[in-house]
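Participant: What Swiss-Prot records for this protein is below:
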type	residues	note
ACT_SITE	187	active site, proton donor
ACT_SITE	258	active site, proton acceptor
BINDING	240, 354, 495	NAD(+) binding site
BINDING	330, 331, 354	divalent metal cation binding site
BINDING	383-399	NADP(+) binding site
REGION	15-34	region 'Disordered'
SITE	354	site 'Important for activity'
TRANSIT	1-49	transit peptide
């Protein structure tokens, strides 16, 4: 062990100018004299023990030969840090106040060329930036110009993610100001391709990864996340990403994209958002054989092993972040999605966007479409192609709204809704073989195996596609819908675009321009007989950002179905006669933050009414309160 005197001598030598030059005046790149090397060896030993006092002497004190060899490497590399090995690590120091070079690489505080002259002097930025000082608006204009040069959507996505990693406020300012143009870039449909290629385009981790390797240590993994005041978590296990299937760990693009929209559209602070991927393996052989795959290379865990990890995760979230953190389940396979929602809805603040979010936005579209086609919700007949999470979730919310309006039992209201899965129409004769979540939708009817036969037999006024299978709304099907409906309501909801049941152009052309159409993925306006039809997009982004904000500002501890109905009814009221005349049953996204504030106010009001809110007293004007709580991405001035 070094004596206290020797340690002090070594520390003083480290601060001396002789540290950087030999006695003979040699430069710092040279090896220096023997005595200087000895001083450096002793100073290095002091630093090692200061950083890790419990290290054994054999690690702290290196042999002279080893040290001399490392000094040669350090001299060539240009610094003491190059002397580090696995046995003698360096400490990754971080400063409490970012300045200079560090500040420019901090995405939470970086402003690029928008740093003022005063800020450049105060934070040691002078010379690290070109002389020009520009506004945030000009930065937005420049980036939009650059993005429009890319012809491939994935290139735009990568450029946007790169911006988010460099300058967080500029990213959200860009997205908010150009939401209609950039929404398809940061989310569907482009995010689907990004997830498929996530391993290849992976640059920097975003979010938190919890894998089977972390079993028994999930609490510690969550503690590694730097933020503590988390309000919204979006979590996926990657088994059913959009309509693309099992993408394993590469499904992280979905939670990242969703939470970007929570901030941009709903105003939830970025630091309060946490994207998480639960990696339990993948059954996708292509990914397992892909050298760039970033997840566990094993078959997907199921049963007890899977549910034990999820139980540990849910318990850890509640322990660290409390019971008022909203946990949004995203893109879980049917068999897990329904089980997880049923299991945790009574003990946690949970929300499944594929089941509940999709249902809420589609119900809003249906309520809005009634202003075009006439009648009440109970007077229409509904046929779904697809009986998974989305299909059954929408069907249940329709039945709940009908029950609310008519005061009829929910079982009676379900009879207005028919579902068709891969084996045909869901009828009573199939009840024994049906999964539990499909059984409420089995009605008395003869077996029907094809969609066209079901349409001709049931004669629905509303046809909704949630199958994930493209081109299933054929010309014959849409012509049949148009033959007995003056204004057939056709929702082609599957994502991405390639999986859509039909395109907007097909729906309008095959119905002679009479269809009331909405889709899950965006479509361009369609001209038919001289009239421009603007297809509405039944995008969950209308609902979940405002819904989440409403939960946050009310301090709700549980999600109730009446809160979903309140969100639907509020969104339905936002579409105007001008929108209807253009053919759209949804309002434009240009006003989405105002819409989100109104939805948040409705959701919060319902939470207070149901006794689920904990943030007391209740604000007098919930809409104004919601707006005041929303994150704005304008630059802040620095001292």
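Glycine is no exception: its Cβ is also placed from the backbone N, Cα and C atoms.
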Participant: Say we define neighbours as other CB atoms within 10 Å of the CB. Which of the recorded positions 240, 258 has the fewest?
Facilitator: 240
Participant: Between the binding-site residues 392, 495, whose Cβ has more other Cβ atoms within 10 Å than any of the rest?
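Facilitator: Buried the deepest by this measure is 392.
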Participant: Expressed to the nearest Å, what is the distance separating residue 398 (NADP(+) binding site) and residue 354 (NAD(+) binding site) at their Cα atoms?
Facilitator: 15
Participant: Considering Cα atoms only, can you say which of 187, 330, 383, 392 is the nearest neighbour of residue 495 (NAD(+) binding site) among these recorded positions?
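Facilitator: Comparing Cα positions, the candidate nearest residue 495 (NAD(+) binding site) turns out to be 187.
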Participant: Where the residue listed as 'active site, proton donor' and the residue listed as 'active site, proton acceptor' are concerned, what is their Cα separation in Å, rounded?
Facilitator: 7
Participant: Which are the residues of the chain, 240, 354, 495 excluded, whose CB is within 8 A of where the CB atoms of the NAD(+) site average out, their centroid?
Facilitator: 241, 242, 243, 331, 389, 390, 468
Participant: Here's one to test understanding: among the recorded positions 240, 258, 330, 354, whose C-alpha is closest in space to the C-alpha of residue 392 (NADP(+) binding site)?
Facilitator: 354
Participant: So for residue 386 (NADP(+) binding site), how many other CB atoms are inside 10 Å of its CB?
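Facilitator: Taking all protein chains shown, residue 386 (NADP(+) binding site) has 23 Cβ neighbours within 10 Å.
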Participant: Near the divalent metal cation site, what residues other than 330, 331, 354 in the same chain have a C-beta no further than 8 Å from the centroid of the listed C-beta atoms?
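Facilitator: My list of surrounding residues reads 236, 240, 241, 254, 329, 332, 337, 352, 353, 389.
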Participant: So if I measure Cβ to Cβ from residue 383 (NADP(+) binding site) and keep only same-chain residues at least 6 apart in sequence, which ones fall under 8 Å?
Facilitator: 418, 419, 420, 454, 455, 458, 460, 462, 463, 464
Participant: Would you mind listing, in sequence order, the residues at least six apart from residue 331 (divalent metal cation binding site) in the same chain with a Cβ closer than 8 Å to its Cβ?
Facilitator: 236, 237, 238, 239, 240, 241, 242, 251, 254, 354
Participant: Give me the CA-CA distance between residue 258 (active site, proton acceptor) and residue 386 (NADP(+) binding site), in Å, as a whole number.
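Facilitator: That separation, Cα to Cα, works out to 24 Å.
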